[in-house]
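**Student:** Dumping what Swiss-Prot says about this protein:
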- Arg83, Tyr139, Gln211, Pro212, Trp213, Pro214, Phe215, Pro216, His217, Ser218: substrate binding site (BINDING)
- Cys113, Cys116, Cys131, Cys134: Zn(2+) binding site (BINDING)
- 140-268: domain 'Nudix hydrolase' (DOMAIN)
- Ala177, Glu197, Glu238: divalent metal cation 1 binding site (BINDING)
- 178-199: motif 'Nudix box' (MOTIF)
- Glu193: divalent metal cation 2 binding site (BINDING)
- Glu193, Glu197, Glu238: divalent metal cation 3 binding site (BINDING)
Amino acid sequence: MNRFPTERPADFVDDLKVPAAPDALFFIVREGKLLLSDAGELPSGHSLAGQAVIALGRLGERPVFALPLTGEAPAGAQLVGLRQCFGVLPDGLFGLAGLAVQLVDFQRSHQFCGACGTPMRPGEGDRARRCPSCGLRVYPRVAPAIIVLISRGTGPDTEFLLLRGPRQAPDVFTTLAGFVEPSETLEAAVHREVGEEVGVKVRQVQYRFSQPWPFPHSLMLAFTAEYAGGDIVPQPGEVEEAQWFTVSDLPQLPPTFTASRRLLDDALATLRLSGDFATT
């Protein structure tokens, strides 16, 4: 399976003690945005002296760091939203950009202990923040979320249940997704979210793959499921429109770097391999 661009590159090694070097790679972040040159390149040649630098690791032999930008973007550079960096950054760097944005935000939002208010300190040997007063330790947040492709029928009669949310483009439809609740299994989350968002029931829930999703700090767990009954009832405020689409007449789909798109592409590829249906 091809790697998602939101993943860490295969040749990246996590290293909290990586030393500085002249060829070091820097992800400079402010409010979830990356500092890029006007040519769309990452900054280089920065000094680490006196800066709240976060060691990420090594990309091959090249040290990689993240650090917050406290002022405005300098001349010849601009702050670019993480989503807008897709296709701009070289291959393999988008996933590290997501890691940098998440860790800078974690450091910013955990400057003080949530239990006693004492200034937090970096953990030793891990990504945690620790309180020197009461001993509280907190780690970078990862919010698990399920995403599921619901289908019915076989061969050329296969249909997918797709929806459009209030924050999506009006002509783009995607698969259903939602966060996992405390004490809930992933499979139970699939059944609950399907019932809440579109009002139908499903069966044959099967795990497919996962994808890190740094918007802002999710891990997508992808599933497929078969329709088991019920009428579509869109959840008010969460789902603008939901309907069945035949595989020969699909709407505009999400970008290729999303878990939703991979679920759909994999399902279509399976239909092609079955030999009884050709998709274009």
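Residue numbers in this text run from 1 along the chain shown.
Even glycines carry a Cβ here, placed using N, Cα and C.
Would you situate these features in the structure and describe their surroundings?
**Tutor:** The secondary structure of Phe215 (substrate binding site), as reduced to three states from DSSP, is coil rather than helix or strand. All protein chains shown were included, and the count of other CB atoms within 10 Å of the CB of Phe215 (substrate binding site) stands at 13.
The Cβ neighbour count for Cys131 (Zn(2+) binding site), using a 10 Å radius over every protein chain in view, is 20.
In the predicted model, the domain 'Nudix hydrolase' (140-268) shows an average pLDDT of 97.
In three-state terms derived from DSSP, Glu197 (divalent metal cation 1 binding site) belongs to a helical segment.
Using a Cβ-Cβ cut-off under 8 Å and counting only residues 6 or more beyond its ends in the same chain, the motif 'Nudix box' (178-199) has close neighbours at 143-146, 148, 150, 161, 163, 205, 207, 218, 221, 223, 225, 230-235, 238-239, 242.
The Cβ of Glu193 (divalent metal cation 2 binding site) has Ile146, Val148, Leu176, Ala177, Gly178 as same-chain neighbours under 8 Å, each 6 or more residues away in sequence.
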**Student:** What is the Cβ neighbour count of Cys113 (Zn(2+) binding site) at a 10 Å cut-off, with all protein chains included?
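**Tutor:** Counting Cβ neighbours of Cys113 (Zn(2+) binding site) within 10 Å gives 21.
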**Student:** Within 10 angstroms of the C-beta of Ala177 (divalent metal cation 1 binding site), what count of other C-beta atoms is obtained when all protein chains are considered?
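**Tutor:** Result for Ala177 (divalent metal cation 1 binding site): 21 other Cβ atoms within 10 Å.
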**Student:** Among the binding-site residues Cys113, Cys134, Glu197, which ones place their C-alpha within 10 angstroms of the C-alpha of His217 (substrate binding site)?
**Tutor:** none
**Student:** Using Cα coordinates, what distance in whole Å links Glu238 (divalent metal cation 1 binding site) and Arg83 (substrate binding site)?
**Tutor:** 22
**Student:** Got a sec? Which of these binding-site residues, Glu197, Glu238, has the most Cβ atoms within 10 Å?
**Tutor:** Glu197
